[in-house]
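*Asks:* Okay, so Swiss-Prot annotates it like this:
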type	residues	note
BINDING	Arg85, Arg110, Asp135, Pro136, Met137, Val138, Ala139, Thr140, Gly141, Tyr142, Ser143, Asp206	5-phospho-alpha-D-ribose 1-diphosphate binding site
BINDING	Ile200, Gly205, Asp206, Ala207	uracil binding site
Amino acid sequence: MKQDSRFPNLFILDHPLIQHKLTHMRDKDTSTRTFRELLREITLLMGYEITRNLPITTKRVETPLVEIDAPVIAGKKLAIVPVLRAGVGMSDGLLELIPSARVGHIGVYRANDHRPVEYLVRLPDLEDRIFILCDPMVATGYSAAHAIDVLKRRGVPGERLMFLALVAAPEGVQVFQDAHPDVKLYVASLDSHLDDHAYIVPGLGDAGDRLFGTKN
């Protein structure tokens with residue numbers, strides 16, 4: 001895991017397996033089926049990395065030989081909140097890693113001015129719960145920042161929120177950081193820039209279209 005000095009709350013997951021799978025996802029000739037499988041696999045690997053600092057407590061258990069105080073994750077079940085629609089493809093990998101997690105959804109689409117328009121919010125109970133929000137792309141950063149706003153407006157503090165994405169543009173990371181300096185943003189790659197259509201370069205195309213086999 002590495003950081004970029006420009007963005008204190010950005011963490012780049014540079015594990016070789018994550019980078020290998022991301023390269024195959026970038027390939028324009030990768031099929032929808034393979035893209036979907038790779039998204040699940042890479043999200044599972046990234047989920048392992050971002051959960052390494054979850055709070056721990058102990059529980060009394062009886063092994064076949066003795067009783068011991070053994071470590072377990074403290075607090076309530078985690079919640080996974082994909083940002084629709086492409087974020088849904090990431091929730092499968094996280095649920096494979098954390099099958100007991102609760103799942104919410106935030107529906108946001110990008111208007112012509114690239115600003116987010118919210119159309120759906122469904123969340124589990126919020127008190128004392130850690131939330132992992134996910135969306136493959138942080139391009140302009142407005143949708144990611146808006147999704148965090150949704151939870152903060154409902155009283156969830158930044159220290160109980162984290163955002164997981166595959167690739168991000170510096171412009172979007174700056175927007176996210178300015179809006180939420182207290183929320184950690186985890187990505188597999190910080191790419192070069194946004195083009196004139198607000199697509200990430202080099203990026204991987206439209207993640208939703210590639211995931212679901214649709215045309216923009």
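Just so you know, the numbers here start at 1 and follow the chain as drawn.
Any Cβ shown, glycine's included, is placed from N, Cα and C.
Quick caveat, the model's predicted, so the values are computed rather than measured.
Buried or exposed, and what's around them? Tell me for each listed feature.
*Replies:* Counted within 10 Å of its Cβ, the other Cβ atoms near Gly141 (5-phospho-alpha-D-ribose 1-diphosphate binding site) come to 26, all protein chains included.
Under DSSP, Gly205 (uracil binding site) is assigned to coil, being neither helix nor strand in the three-state scheme.
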*Asks:* Pop the Cα-Cα gap between Met137 (5-phospho-alpha-D-ribose 1-diphosphate binding site) and Asp206 (uracil binding site) into the table, whole Å please.
*Replies:* 9
*Asks:* Of all the binding-site residues given, namely Ile200, Gly205, Ala207, which is spatially nearest to Arg85 (5-phospho-alpha-D-ribose 1-diphosphate binding site) at the Cα level?
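*Replies:* Closest candidate to Arg85 (5-phospho-alpha-D-ribose 1-diphosphate binding site), judged by Cα separation, is Ala207.
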*Asks:* For the recorded uracil site formed by Ile200, Gly205, Asp206, Ala207, name the remaining residues of the chain with Cβ within 8 Å of the site's Cβ center, in chain order.
*Replies:* Pro136, Met137, Tyr199, Gly203, Leu204, Gly208, Asp209, Arg210
*Asks:* Which chain-mates of Ile200 (uracil binding site) that are at least 6 residues away have a CB under 8 A from its CB, listed by sequence?
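*Replies:* Counting only residues 6 or more apart in sequence, the Cβ neighbours of Ile200 (uracil binding site) under 8 Å are Met137, Ala139, Val167, Ala168, Ala169, Gly172, Asp191, His193, Leu194.
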*Asks:* Select the closest residue to Gly205 (uracil binding site) from the following binding-site residues, measuring between CA atoms: Asp135, Gly141, Ser143.
*Replies:* Asp135
*Asks:* Quick check on the binding-site residues: of Asp135, Asp206, whose CB has the lowest count of neighbouring CB atoms inside 10 Å?
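*Replies:* Candidates: the binding-site residues Asp135, Asp206. Fewest Cβ atoms within 10 Å: Asp206.
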